[in-house]
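Beneath this line is the structure, given in structure tokens, with notes to follow.
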Amino acid sequence: MRLFLALLALGFAAVAAVPAYPQRIVGGSTTTIQQYPTIVALLFSRNGNTFFQACGGIILNNRNVLTAAHCPHGDAVNRWRVRSGSTYANSGGAVHNLNRVRIHPNFNRRTLDNDIAIMRTTSNIAFNNAAQPARIAGANYNLGDNQVVWAAGWGAIRSGGPSSEQLRHVQVWTVNQATCRSRYASIGRSVTDNMLCSGWLDVGGRDQCQGDSGGPLYHNGVVVGVCSWGEECALARFPGVNARVSRFANWIRNNS
């Protein structure tokens, strides 16, 4: 899920991945996995038996999935599974167990800097029209301000509201880094160069939300962000914050 700042302030960054408050798409509409075959649902179990969708992920290749570090951080690898190839959060497609989770070595559980991880599945993800490897932004990917980007996920449809069983998507825009940094500094939060802000600035109503954490932010079909955190969801003053994929291009390549 995308983490609420209230949880961070209480020091719960590590446990939120399951979350008490997972994130979902706000202000968007339903879509299908055929439109976003690079996204997967990450399933979590508290007891090792019953699994439910708690985060999103992005297919890198037939054995590796990119996600937010705060989702699996601190959990045993067998508490997470990957559902690929399904429009629905908790049914359909193929479910894969994991044999490894690699958290970025500089991940900061308090600030959520370097909020990125790679999960390795025990079985191959079969590619078809509902499951495909993503195009990932390279180190020199040029992404300007006010660019149209799209987010997708199964998260909440409003802050604190119910999650969506069907995949949803929403159009938002990239937000100037200095503006985003200033907005969050006013409430004591740090936006680093490893982060990418998006939303509908000064309007609100569109965003990623609880349960969308780890899911993709696309620019012209290229994954440029991984859903990370924000002040509630879809507020006019505070954009959503993603891990900026271009900053991690080499690490992703070397670990997948």
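Cβ atoms here come from the backbone N, Cα and C positions, even for glycine.
According to Swiss-Prot, the protein carries these features:
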- His70: active site, charge relay system (ACT_SITE)
- Asp115: active site, charge relay system (ACT_SITE)
- Ser213: active site, charge relay system (ACT_SITE)
- Cys55-Cys71: disulfide bond (DISULFID)
- Cys180-Cys197: disulfide bond (DISULFID)
- Cys209-Cys233: disulfide bond (DISULFID)
- 25-256: domain 'Peptidase S1' (DOMAIN)
- 1-17: signal peptide (SIGNAL)
- Asp207: site 'Required for specificity' (SITE)
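Positions of the features from Swiss-Prot, shown on the structure.
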{"residue": "Asp115", "record": "active site, charge relay system", "Cβ contacts under 8 Å, 6 or more apart": "Ala68, Ala69, His70, His104, Phe107, Val226, Ser228, Trp229, Ala243"}
{"residue": "Cys180", "record": "disulfide bond", "Cβ contacts under 8 Å, 6 or more apart": "Val191, Met195, Cys197, Pro239, Val241"}
{"residue": "Asp207", "record": "site 'Required for specificity'", "Cβ contacts under 8 Å, 6 or more apart": "Ile25, Val26, Gly27, Ala151, Val170, Val172, Gly199, Trp200, Gly230, Cys233, Ala234, Leu235, Pro239, Gly240"}
Whole-number Å value for how far Cys55 (disulfide bond) lies from Cys209 (disulfide bond) (Cα to Cα): 10
Mapped DSSP class for His70 (active site, charge relay system), helix or strand or coil: coil
Residue pair Cys71 (disulfide bond), Ser213 (active site, charge relay system) - Cα distance, angstrom, rounded: 7
Taken over the domain 'Peptidase S1' (25-256), the model's mean pLDDT: 97
Cys197 (disulfide bond) CB neighbourhood, other CB atoms within 10 A: 26
Secondary-structure category, per DSSP, in which Cys197 (disulfide bond) falls: strand
